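Heads up, the thing below is written out as structure tokens.
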Amino acid sequence: MNTIHGIISAMLTPFTSDVGPVDYEWLPAYLRFLEAGGLHGVLALGTTGEGPSLSLAERERTLDIILAHRGGLAVIAGTGCTALTDTIVLSNYAFAQGADALLVMPPFYIKGPSEQGIIGYYRALCDALPAAARLLLYNIPQVTGIAITPAIIDALIASHPHQIFGLKDSSGDWEHARMLIERYPQLNIFTGSDRLVAQALAHGAAGAITALASAFPQVARAVYTAYRQGGDVQAAQARLTALRNCFDPLNTPPQLKAALTWNSPLPETHARLPFVALDTAADAQLKAAVAAIL
């Protein structure tokens, strides 16, 4: 399996229309665009990739295409589902097909589950996976309604130390991210916030898995390069943060897909409902805001 570190794109999933199928033919050229941008890897079917909006069959075929055309990119597969049985099926499929790690959010439909219930969910998943599978816990409480707490992490490390590989923290809370990095040096901690890449790297994070890297890979990679080579990290991070501020956190996939039409050679693609495409005025406004930064 590939090393997982550095700047990883929370890659987009293309659709032929807002109600259409996945545009599988679009993916190979997109992967080449991301690799040419200097990224270390991709996260397939995460939040930015609209993973929960796809059927299991669509997710499996999407992973097939991505893994077949990955080039030198590490691939993390987003395999979390509301049903444990579906999570087990998709996780085993992704591992068998060659995914380097699995990113699994907690089951988000049931509200207010106990920590013991979440621990049991992840333990059942680990028990159903090969011992060599690598699992990234996914902390995005503003979306799932469930925080991956230290008590949950401690319990899972105690029972499945070889499978619990790390955690993606998309809470956006720097103090929480720093606590995770400092408390769990044995885990690979990734920030999911474009605004926290420089801070996370400086404190020992394994890297960043971010939305903006899906459309502006060079801008995200520049922060990592500056950090590793002694460049102006603050300037690189300020540019990435300013760019992130152009995007609505509640409508990011359609905006990023719009940006790709004027920031890459890729043809137009779409987000699936309930996301709504930008109208002409919103697209022009976003393009102008981005152009002022780039």
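Here the Cβ of each residue, glycine as well, is placed from N, Cα and C on the backbone.
Heads up, TrEMBL stuff is auto-annotated, nobody curated it.
The pyruvate binding site annotation in TrEMBL covers THR48, ILE209. Under the heading active site, proton donor/acceptor, TrEMBL lists TYR138. According to TrEMBL, the active site, schiff-base intermediate with substrate annotation covers LYS168.
Shown here: features listed in TrEMBL, placed on the structure.
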residue: THR48; record: pyruvate binding site; CB count, 10 Å: 25
residue: TYR138; record: active site, proton donor/acceptor; CB count, 10 Å: 27
residue: LYS168; record: active site, schiff-base intermediate with substrate; CB count, 10 Å: 32
residue: ILE209; record: pyruvate binding site; CB count, 10 Å: 29
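Between the C-alpha atoms of ILE209 (pyruvate binding site) and TYR138 (active site, proton donor/acceptor), the distance comes to 11 Å.
A straight line from the CA of THR48 (pyruvate binding site) to the CA of TYR138 (active site, proton donor/acceptor) spans 13 Å.
DSSP assigns ILE209 (pyruvate binding site) to a strand. Cα to Cα, the residue listed as 'active site, proton donor/acceptor' and LYS168 (active site, schiff-base intermediate with substrate) are separated by 5 Å.
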